[in-house]
Amino acid sequence: MKSSQDDLYAKPYQQVSDFQFDNKVAGVFNDMIRRSVPGYGQIINTIGDLAQKYATPNSKIYDLGCSLGAATLSVRRRVEGRNCQIIAVDNSESMIERCKENLSAYVSETPVKLVCGDIRDIEIENASLVILNFTMQFLAPEHRQSLLKKIYDGLQPGGLLVLSEKLYFEQDKIQSTLDDLHLDFKRANGYSELEISQKRSSLEHVMKPDTLEQHKIRIKQQGFSQFSVWFQCFNFASMVAIK
């Protein structure tokens, strides 16, 4: 399905409501994330590469917070012939409906089970790969460790978690510098000062980024044997953890 241009915050609002993944956002999401998240295309492509390396025959692959299915599509193209099943989960009905249309545009022998629900309620089992692509940051902080435990318990030995997140930096000058670079990235992609300001206000109470150290500690506490950042641009990073 073709994505419209993101102009959701182009006109001034008297009061900016909290960001939610509703039908309006789903309709412009491809354009929004491409113009807002530096390196997003590279992350999606590399998730497919990682799936090719880590997906084991007859295993399950989970895309938790699948949105329109970009990561699922990238994975599905790279795991054909392995009898894998992909479980793609999102709590937005609008996202799931558009994801279904996007997936149906391509023929594949790898089945995808679409689930509209809370990722905290999903049973994870026999997983060779679990993807959290800019999802954890929207989950209440007190639920993040328990979700990681569920993922760890459901992964096969040697299984891979891909975790992409916006990061917060405790060093104030580093935080402000990387934040400024990100805002310049959005300006270069055509967003106005009004759009940037209103979008930021809408996300203020919804998205709660962690520091890289918080991610490291949480993953180590859960028992993952290896962890690394494989991609970072400004204050956006993608990490891998191996069980």
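Glycine is treated like the rest: Cβ placed from N, Cα and C.
These figures come from a predicted structure and were not determined experimentally.
According to Swiss-Prot:
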| type | residues | note |
| --- | --- | --- |
| BINDING | Tyr40, Gly65, Cys66, Ser67, Asp90, Asn91, Asp118, Ile119, Asn133, Arg200 | S-adenosyl-L-methionine binding site |
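Recorded features from Swiss-Prot, shown on the structure.
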residue : record                               : Cβ neighbours (10 Å)
Tyr40   : S-adenosyl-L-methionine binding site : 20
Cys66   : S-adenosyl-L-methionine binding site : 28
Asp90   : S-adenosyl-L-methionine binding site : 26
Asp118  : S-adenosyl-L-methionine binding site : 12
Asn133  : S-adenosyl-L-methionine binding site : 25
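Classification of Tyr40 (S-adenosyl-L-methionine binding site) by DSSP places it within a helix. Site extent for S-adenosyl-L-methionine: the farthest pair of Cα atoms among Tyr40, Gly65, Cys66, Ser67, Asp90, Asn91, Asp118, Ile119, Asn133, Arg200 sits 25 Å apart.
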